[in-house]
Amino acid sequence: MTDNPFNLWAYHSKDSSMVTLASGILSDEQFYIIFMFLTYTSQLINICAIIANTLSIAVFVKLGFSEPSNISLTALAICDFTLAVLYTWNNLCLWLTYHNVRLPFHGVNVTFLTGGAQWTFLSSAIAWITAFISFERCICILFPLKVRRFITPRGTFVAMLIIILLTFCPSFFIYIRYKFVWVFNPYLNITILNTMPVNSQFAILFEQISVVICGVIEPLLAFSIMLICTVLLVVELRKMSSWRLSVTSAKRQRVQPEENLATSSSAAEARISQKEERLVRKVVAITTIFIASYIPTCIMLVCNVVFDEFNHLGIYRRLFIVSSYIISLGQPISGSVNTLIYYKMASKFRSVFRRIVHLDRKEQERRELE
């Protein structure tokens, strides 16, 4: 028996051919190299995501919640922040486990129940919030005169609560299938906290149903809504850009005095359209980045359902862990980039952001020195 603490993850199966196949996919050396690279990379990205989303939340709180879009974007930032914290916890526990640090709990199994299961469902919540944001912008474009009736700050707040309750909270149902137990670890000669599956028929069936509904159907449905709304927004964005260019060109032309009133009215409409266009561009950028980062997650969720052994306890656990790490890089990056999108495309956000991080004061001091 080697001293590698990943022996705690050993899979004992009567089918030796399956074990050989599983170990042949990733050798010990390959797994170590990939694992260490992804651990450090993921941890760095997670820290950036935590900082970026903390700043985003602070800015939105300063801006207030009179606008429904600020409420939904704040909910998105909170979920991105929580997801980055869970990723950081997972990385830390697995890194300590691999380096044979004496932990009072099983580094893999306990981490799965305290972070791994939660981030799977939290990803679904982020997907639905992003889908809601894109759908909200579609409603604003399709029904501009009635949008105040449909979308209100209170309604948006209630919608965010419902989305989180229906997507993230079911992750705690995993405790029906698994429970915490204290077991003696002969390798460390101590009693540690571990997990044990509940093998009742009800618990197994409940886990399968919850994983399929909350882990596959809900994210894929949100992904489809997001994709459709993004396509509609891109089409409408092109129409708005063409219309604004036509109005701008008309304004530059020499017109008769009696046409001045109509021209000024068109110019005002152009300014309104330009503001709406910036909002649409921001939403399209957010959804596009999220779609790109969420496609691998959807693929992995489907594989987790189709292949029984593709999980943290199966014979393909190493491949599952590496895949989870690779996928986990996408969503923290998406959450961090969102802050850059807000800063680039929203003047109010940029102004408050600069005040919070004292960029305006530093720039003023630099000008005074010059």
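The count begins at 1 with the first shown residue.
For all residues, glycine too, the Cβ spot is worked out from N, Cα and C.
Taken from TrEMBL, the feature domain 'G-protein coupled receptors family 1 profile' applies to 52-342.
For 31-61 (among others), the entry in TrEMBL reads transmembrane segment.
What TrEMBL records for 73-98 (among others) is transmembrane segment.
Feature annotation from TrEMBL assigns transmembrane segment to 118-145 (among others).
Per TrEMBL, transmembrane segment is recorded for 157-178 (among others).
Sequence annotations record features per position, and here TrEMBL assigns transmembrane segment to 209-235 (among others). If one looks beyond the transmembrane segment (209-235) by at least 6 residues along the same chain, the residues whose Cβ comes under 8 Å of a Cβ in the stretch are 120-121, 123-124, 127-128, 130-131, 134-135, 137-138, 141, 166-167, 170-171, 173-174, 280, 283-284, 287-288, 290-291, 294, 297-298, 301-302, 304-305.
Annotation comment: TrEMBL describes 283-307 (among others) as transmembrane segment.
Positions annotated as transmembrane segment by TrEMBL: 319-343 (among others).
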Recorded stretches the transmembrane segment (157-178) and the transmembrane segment (73-98) touching, at least 3 CB pairs under 8 Å: yes
Beyond the flanks of the transmembrane segment (283-307) by 6 or more, those residues with Cβ under 8 Å of it: 120, 123, 126-127, 130, 133-134, 137, 211-212, 215-216, 219-220, 223, 226-227, 229-230, 233-234, 237, 314, 316, 320, 323-324, 326-327, 330-331, 333-334, 337-338, 341, 345
Per-residue pLDDT averaged over the domain 'G-protein coupled receptors family 1 profile' (52-342), given as an integer: 79
